[in-house]
Amino acid sequence: LAHQVLKGSNRKVMERRYAYDDAGQLEQISDLRGTIRYAYDPLGRLRQMQGRLGEERFAFDPASNIQVSDENEARGGRAPVLLDNLLKQYAGTRFEYDERGNLAVRVRNGERMAFGWDSFDRMVSAGDHRMQATYRYDALGRRIAKLTEPCVYTSINDGPGYRDVLRARLKSEHGYGLTVYGWDGDTLACETDCEKRTVTHYVYEPGGFTPLLQASGPLGAGVDREAARGREGPQPFAVVAYYHCDQIGTPQELTDAAGEEVWSANYRAWGQAREVISEAARKAGIGNPLRFAGQYFDRETGLHYNRHRYYDPTSGRFISKDPIGLAGGINVYQYAPNPVGWIDPFGLAGSSLLALPAPTGSNPWMPNTPMTSEPIPAGGLTVQMAMAPGQTRPGGWATTDNIPDVDYVRNKLAVTPDFKSDVSHVQTFHVPESVQVQRGTVGPQKCGCKLYPGGGSQLQILNFADRAKLVPVGPPRAIK
């Protein structure tokens with residue numbers, strides 16, 4: 001993805017531009033709100049983010065636990081305290097766990113919140129001095145209901161009925177009550193607020209988790225109960241709002257039917273959002289609980305429900321173990337190497353969204369041709385990479401073809417100028433055995449008005465950490 005723009009009747013409502021480094025990692029986002037810059041360590045982990053909410057810096061231990069952050073330093077805290085990847089203290093927040101490794105207690109700013117879990121390691125309750133929440137799931141582990149109730153404190157001097165009046169006021173002020181969720185496979189299709197008797201439906205890109213629009217209205221809106229009887233059609237939705245998402249599908253803005261911005265958010269590096277909601281949107285009941293791909297923001301806890309687990313955006317990790325244990329990696333709480341180029345919509349395994357050969361978002365693989373995912377066999381594999389001036393580190397894409405010149409890079413490998421503006425040389429690398437790759441035929445890519453046909457062979461190295469295992473073979477070879 002290189003450029004997004006939304007034009008109103010006489011002005012630009014939204015415009016966003018993306019820039020990538022030679023390894024395909026996102027380097028910069030510029031929009032009407034300012035510029036965000038990113039820097040990475042040699043393993044592709046997010047080392048620094050400088051943006052609208054200030055500068056954040058991170059360091060990691062060998063298991064990829066976040067060891068240092070600016071927020072932690074600002075609070076005067078020491079390095080995070082970890083034992084067996086259990087985070088005990090981070091940025092002024094203290095954590096306690098049960099015997100199965102699930103978060104049991106969180107103490108933040110002196111306020112204690114307790115969490116309860118069932119025998120399937122699903123969170124079923126959360127509560128503090130303000131409220132108590134309970135959660136229910138279906139047979140597939142999808143959350144289907146959330147009930148939040150205020151904690152009401154009264155004295156013997158309060159009159160009859162005061163407790164009920166106070167409970168009703170607190171429920172109204174904080175939005176407590178019963179919410180019921182409906183699913184379409186693994187994507188959240190709708191949510192019903194049983195207190196306000198309203199329903200919100202979500203529509204996504206086909207086969208993905210990037211939201212396109214939300215439609216809300218009174219309970220029953222959009223349901224055609226009388227169609228079979230030849231009577232009046234369904235009650236229309238009261239409000240429709242349209243999503244505008246970034247390179248990994250995280251909502252950045254919502255616009256109404258007139259193209260006016262009604263909701264936006266600035267995010268810290270690991271997903272903590274600072275929302276901006278217009279007064280018109282508040283009156284219309286427009287909001288957005290969707291965050292990173294597959295995540296739903298729970299206002300009562302500050303956590304993100306992430307299908308199979310819950311994610312904490314303040315610490316950048318899950319609050320329970322990977323369901324398959326160490327088979328999923330040595331760090332059973334890790335979200336992803338970096339939150340800029342990776343997603344984990346199921347809460348089970350992160351996947352890389354490296355920039356495609358054409359940042360237009362085109363399919364990098366040739367349609368109707370085989371594409372395999374496999375480990376490099378015994379003995380390893382020799383590949384070539386087209387490199388930019390000054391580039392020495394391997395990127396995420398390679399070929400087993402012999403690259404004769406720049407014309408081959410542009411046309412057969414479909415490396416567009418938007419993705420790599422200048423190609424100066426070829427470097428041969430040895431890929432060791434067991435590195436997981438995808439292999440197939442290069443698909444056609446479009447850049448501006450020009451089509452780059454593809455047709456060469458290509459290989460994608462799926463994990464950032466595996467790039468460091470590649471060994472240069474011989475000196476670089478200049479091409480023209």
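A Cβ is built for glycine as well, from the same backbone N, Cα and C atoms used for every other residue.
What TrEMBL says about this protein:
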type	residues	note
DOMAIN	10-147	domain 'Teneurin-like YD-shell'
DOMAIN	240-275	domain 'RHS protein conserved region'
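The average per-residue pLDDT of the prediction over the domain 'Teneurin-like YD-shell' (10-147) is 88, rounded to a whole number. Broken down by DSSP into helix, strand and coil, the domain 'Teneurin-like YD-shell' (10-147) contains 5 helix, 82 strand, 51 coil. The DSSP breakdown of the domain 'RHS protein conserved region' (240-275), given as helix, strand and coil counts, is 0 helix, 21 strand, 15 coil.
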